[in-house]
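Lifted from TrEMBL, the feature list:
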| type | residues | note |
| --- | --- | --- |
| DOMAIN | 42-293 | domain 'G-protein coupled receptors family 1 profile' |
| TRANSMEM | 24-50 | transmembrane segment |
| TRANSMEM | 62-90 | transmembrane segment |
| TRANSMEM | 102-121 | transmembrane segment |
| TRANSMEM | 142-164 | transmembrane segment |
| TRANSMEM | 197-222 | transmembrane segment |
| TRANSMEM | 243-264 | transmembrane segment |
| TRANSMEM | 276-295 | transmembrane segment |
Amino acid sequence: WEFNGSFYQPSAFLMMGIPGLEALHHWISIPFCALYFIALLGNCLILFIVKKTQSLHEPMYYFLSMLAVTDLGLVLCTLPTTLGIFWFNIRRIGFDACLTQMYFIHILSFIESSVLLAMAFDRFIAISHPLRYPSILTKATVIKIGLAIILRGMVSLLPIPFLLKRLTYCGKTELSHSFCFHPDIMNLACADIKVNVFYGMIILLSTVGMDLIFIVLSYILIIKTVISLATKEECLKALNTCVSHICAVLIFFIPMIGLSMIHRFGKNIPPLVKTLVAYTYLIIPPALNPIIYSIKSSHIREALFRALWRKSE
């Protein structure tokens, strides 16, 4: 502990694996390794295919590449500490290292939320205004959207580590997860955390909350456009281009909202439930997104088969 008058700050936190199943951590690590491997391989393949295939140099696949990069970042943020606990029982993480990991996890989560909104906007323009699509979503516009997404995430979350560093910590230093999460660290403080709670809620609602609202509005407008189409075949074809994105939205937002609600209001929820929701939020989307898009997108599938065929020759 570092002592400075009445101010106490732990030199490190202790991370938690899966409560009650510590003896089985080596076996539990097997499915986690499989998910991490699928996430790393799948997202790298998406990036490789989009880069090498000229026909995929379109806004839809540029946004998909942004999603893949974000998912890779989330995987690389949580993989060392999660497997460190499961394989070697390394639970200790330095205070500053914990704040750094937390900052990047939250930034990448906010970026993923914004990228999903950009992808919803892309689908709306493609379906509702197909003739204007190339002139609205130019390459320069996509780059500007990407930079704005990164800047919004970095700036909005910049005060969070400093708000945590100003707090006095005492007693318990055990986190609820194998990674650092803002509400989890905040609840270990023995000082007034009203500012942290208020700022965290405002930022969450004004970024992720607004992203979700605009995604829903985009799909309301998409459905309105699709209903006006002449034939049932055209209607189904238009909706089929949105299936992958809808799946990506659901597997990201449902666990994220659930984890946020559990940390803020679920004081009596069993630790195992909290842990499983956290892993679902941070590991499942990066692993499933490449699979979903590979299955549903014929362009991605064909480009992947062509790449594999060339390598086998």
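Using the three backbone atoms N, Cα and C, a Cβ is placed for every residue, glycine included.
Quantities reported herein were computed from a predicted structural model and do not represent experimental measurements.
Contact between the transmembrane segment (62-90) and the transmembrane segment (142-164) is supported by 3 or more Cβ pairs under 8 Å, counting only residues 6 or more apart in sequence. For the transmembrane segment (142-164), the residues of the chain that approach it from at least six positions outside its boundaries are 59, 62-63, 66, 99-100, 102-103, 106-108, 110-111, 114-115, 118, 182, 185-186, 189, 195-196, 199-200, 203, 206-207, judged by C-beta separation under 8 angstroms.
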